[in-house]
Amino acid sequence: MNSPTSPVNAMHTPQPLDPLRFLLSGRSLIEASAGTGKTFTIAMLYVRLVLGHDPSNDGMRPLTPPEILVVTFTDAATKELRDRIRARLTEAAAYFQVEPDAVEPLAPGEVDLLHALRGEYPPHEWPACARRLQLAAEWMDEAAVSTIHGWCNRMLREHAFDSDSLFTQTLETDQSELLAEVVRDYWRTFMAPLGAADAATIAERVSGPRDLQKKLRNLIAVAPLLSDASAPTAALEEARDKHARGLAEIKARWQVWPVEMKELLDEARAAGQYVGAHVGQANCDRWLKELSAWANDPLKIEPSLTPTAWGRLTPAELAQYCQHGTPPAHPGFDALMTLRTELAALPTAHGDVLSHAARWVAERFSAEQARRAQMGFDDLLTRLDAALHGPNGERLADIIRSQFPVALIDEFQDTDPVQYRIFNAVYRLADEHEKSALILIGDPKQAIYAFRGADIYTYLAARRSCGTQLYTLAKNFRSTHAMVEATNHCFNVAEQRNEGDGAFLFRSGDGNPVPFINVSAQGRDDAFVVDGVPLRALTAWWLPPGDDNKPLAKTAYIEQMAASCATEMVRLLNLGQRGTAGFVGDDGQRPLRPADMAVLVNNRQEADAIRKALAARNVRTVYLSDKDSVFQSAQAAELQHWLAACADPNDGRLVRTALATSTLGLGWTELDALYSNEMAWEACVLQFRGYRECWRRQGVLPMLRRLLNDFRVPARLLGLHADGAQSVQGGERILTDVLHLAELLQQASTMIEGEHGLIRYLVEQREASEDGNGGGDVRQIRLESDGDLVKVVTIHKSKGLEYPLVFLPFVCAHRPAEAKDLPLKWHDADRMLHVALADADGVLQKVDNERLGEDLRKLYVALTRARYATWIGIAPLKDLERSAIGYLLSGRQPVVAGELERCLEKGLGASANIAVMPAPESGDERLAQQGAEFRHGKARESDCVVREPWWVASYSSMKTIGGGQHAAPDTSSEDGFIEARDAEIEIDDEKAALFAEPARRAPAMQSNARALHDFPRGSDQGSFLHDMLEWAAKQGFDQVATDAQSLREAIARRCSVRGWERWITPLTEWVQQIVSTPLVLNEGHGIRATSIKLSELRTSIAEMEFWLAVHRVDTAAIDQLVREYTLARAERPALESAQLNGMLKGFMDLVFEHEGRYYVADYKSNWLGSDDEAYTAEAMCAQILRSRYDLQYVLYLLALHRLLKARQPDYDYDKHIGGAVYLFLRGLNASTQGVYAERPPRELIERLDALFAGDTDAQLADMEEA
């Protein structure tokens, strides 16, 4: 809260700043108007501080970067300041490194501050100065250049003892969840116990805890300033009593007035003053009867009158329809105009309830933070402020002041009371001999962040504390002479008006602490020209009034002005492409480009309007002020539908909803065809099951990327038409949001279990974002492009920036303060801050006056952004004088709609640098030939696979020539990869058949194990069969063979979640059959004839994992050995050459012992044909070769060989290794039983063993043979 200080010293006139004579001690203020070189000045003062240069202070010592505190208010500004200061120090060091004899004199009139600074030191000191400056430049990474929050955090940590702070505290960037918890506590404590009537009253304004949290969001910070209200129960009771008394007082008059009003109207009709139904007897009697009934009913709050009645019985309309004479007059007719306002103003408990809730929640929130050792960003300031004003405050201030003898506070116009109290406590400067300085730099004309808590009145208090040490930067280095003069003229219209409050509403009888003072212009060497002629610096467009000279509606203003502005921008850009519009300077002419233009707006609604108008004319834009959370975007809702469908692909409703989302781009015809074709729909469901499998195995981000690519979303969203226009408007924005959300979900998935858990997380984040809890910068919507685009940016975001050309099409759009804009904040005559939660005693008028003052400062910021030219759009809106531009033009006098052009000519037309003209007619001219610049070429593809020198490989990571996978680090389950790879070919063939053939009935279900031929194909189904056999192995094959009920229950659970209920019985019979049937291994391929029954195995291990060390082995050498020793050297796809170095890992489906020999079994769900005849030995061998399963089982047997060699004392390969058994599960009832078995020769395994162990000679020999 501001201290009540009389503005007696507020009128000290600032003196022009001389950067070399400015005092570097004491307290001073530099007021830097827009574009006047503020950052340059800060850097120059920094150079002087490093050198210890202060002619008025002989005792000043040189300072190092860690001793000079520079504070600004954003991280971006911190980085820029640090870089600019470093560059200035380096430049100054170069000046001092020049030999005295080589110094050249300045030309007459030339100003060079570093040259002058060097001249104040004798030449023999120059080398020492250069070293000091260069050292400071190199030291800038440790310089005390920081945001206010960063600096406060550092002080609390470094001076924990003196600030009475905890050594370990957590700085929480998002405390919305803690706040929600405290609000829920409040609701349980005070709202839940309320009776039905009181609860209903509360529900009229607050629907629940979430709604209460939204309403408290802006109140908690000002809770100490709110009235100390009673708890809700007492507040409601008190409000009811006051409301009843107030209502009874109002009704007392109306108990007699309707009768008197009726008599007057009857007399008027009898005298012929009213003819017809407008003021007819039937209507009037009914209306007055309702008023009388309401007045005599103590429970009824408001009379039930129609909108016509509320207006017809008022003096204005009675006079309008009166045929002659004087219309009847009565206090009731006058009172009816304000009756609804009076009723609405009756006391309610709403303000007291919010006040009580805000104070209670603020106190509990603070206590919870302390209990959890947490703090938010604002707490950094309040805790340091409390420490500086606590028992150890003076000692802490002395320590900080000795640590930072000088502080330069940038952007000080955006300070708040807490920040000022901190610096005021540290730099008291009461001792005249103290060698310290507080230098405040700001511009009150640019104080536009009241919504963030900034307080211009605090700035004015600080200004007064500086006494006569006020300085100004008064030369603009940004804009042309004409642009500076046009801006000066706009604000001088109001500043020089005799009546009124000056340009910024601060003029009073005591003076004007925030006057508008003209700035001069340094000027520029270039200019913006069209057809060789410079344009006027400021163009004021005006729109005509609406019908009957009525004010234009705001929506019509935005729509029309957006079209007019876009039309002119396109005209200029097309002229730029033809070379007749651009920037002319000493180095020639540069054509105008879209990136040279910026459109400044107040909010997203205006941004959407101008972006839509420009997009319709083929002009691409980028919105640079999006602070919304990406979870608020439409894409977040669509992503939720996608995830729901992928998590439960058997729910057709969810899949249909996902397919209908706009981002996937399926039209109604495509959707209808898909829904009406049973086979096509089954293929689509199969596709979403694949997404679920990808999600489970690889994560949500890979799954979403696969989905986007399958539906060709990136290609469609980023595509261009032949004329260069985007095929999908805002496509870049949509794709950026989708990928951003996918990335955030992938990060969240590391801490969330399961698909549905992640969906719940997404739902919660969307709800939180709707409540205004964005969650920090990481969730803030990202910039979709940084190309050569027109920039659309809010005025707030544009502060501190500059653009060649600026358009302000909606400059007179404004939003007057409303009673619902809580809290209502205003300052009194003593500049004390007040807060209210209801409009009373003219509060709303005071609040709106401060809103207008801030809008005027926003307008100043907007008009000072352009280097060359600005365009503004003005319309005869209702209450135009309450807008900033309207106030400049007419003071507080209303502007008649039909007189706008004359008002503009009178106010702005007097300047030769301002053009007043009608807004351009909306045209359909489009920007030509823009598309070619944005066409994307084909990306080059690299054949080189880059990997770490040591990595983990697997069988599935080896690529066959023409295959689909490079030898790459293992990242997923091998079986899953193999199933997915093999199923992919089958699915593609199946899809083709499904979409090519008409819909047909699914085959009738068979109730025996032979039905497995009809079991669906795909990686999901293959994994299911694998999982069931793995489950059976872990349960015990013998137990599964005898316990049919447990088996059926296990299969039923797994089938139900997949929608496969009809397969429960066939699959149960199939599992029982495969574990109970003797599987015959025929003699051949190194296999000894035998019969194996899974249920009789006594030693087996399911999913046995292995890791093999591999030392620089070439896959081509492995391939050559396997081809030489297996399957009679039959042809098969060759492996691409790649080096394996590290580990080879894998999982064997089943390892078992039978008759003293050890076997490796692998389950294959490959579909070889529609009946048992397809599963011949030849067909299975062909599949083994095609999929290179030979390589797989050789590697598995090598692993088993190494294991037995290490564990079996008398191990012998020929004696103990039985071989590899591949079970083609769908061929169980074939004559082969779907069994394929082989035992490679001993020599192959031993040569591979030597190769993997790093036997270079063996590897070279194999390569030579190859």
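Residue positions begin at 1 at the first shown residue.
Keep in mind that glycine also has a Cβ here, set from the backbone N, Cα and C atoms.
Remember, it's a predicted structure, so these values are computed and weren't measured experimentally.
Of the residues Asp1014, Asp1038, Asp1043, Asp1149, TrEMBL puts just one in the Mg(2+) site with His1026, Asp1162: Asp1149. Residue pair Lys38 (ATP binding site) / His1026 (Mg(2+) binding site) shows a Cα separation of 71 Å.
Distance between Cα atoms for Asp1149 (Mg(2+) binding site) and Ala32 (ATP binding site): 76 Å, as a whole number.
The Cβ centroid of Ala32, Ser33, Ala34, Gly35, Thr36, Gly37, Lys38, Thr39 marks the ATP site; residues of that chain outside this set whose Cβ lies within 8 Å of it are Thr41, Asp443, Leu473, Asn476, Phe477, Arg478, given in sequence order. Reduced to three states, the DSSP call for His1026 (Mg(2+) binding site) is helix. When the binding-site residues Ser33, Thr39 are compared by the number of other C-beta atoms lying within 10 angstroms of their own C-beta, Thr39 comes out lowest.
Taking all protein chains in view, 21 other C-beta atoms sit within 10 angstroms of the C-beta of Asp1149 (Mg(2+) binding site). Cα of Thr39 (ATP binding site) to Cα of Asp1162 (Mg(2+) binding site): a distance of 72 Å. Annotation note: Asp1149 (Mg(2+) binding site) sits in a strand segment as assigned by DSSP. In the three-state DSSP scheme, Thr39 (ATP binding site) is classed as helix. If you draw a 10 Å sphere around the CB of Asp1162 (Mg(2+) binding site), it holds 20 other CB atoms from the protein chains shown. The binding-site residues under consideration are Gly35, Gly37. Their Cβ neighbour counts within 10 Å are lowest for Gly37. Of all the Cβ atoms in the protein chains shown, 23 others lie within 10 Å of the Cβ of Thr36 (ATP binding site). It is 76 Å from the Cα atom of Asp1162 (Mg(2+) binding site) to that of Gly37 (ATP binding site).
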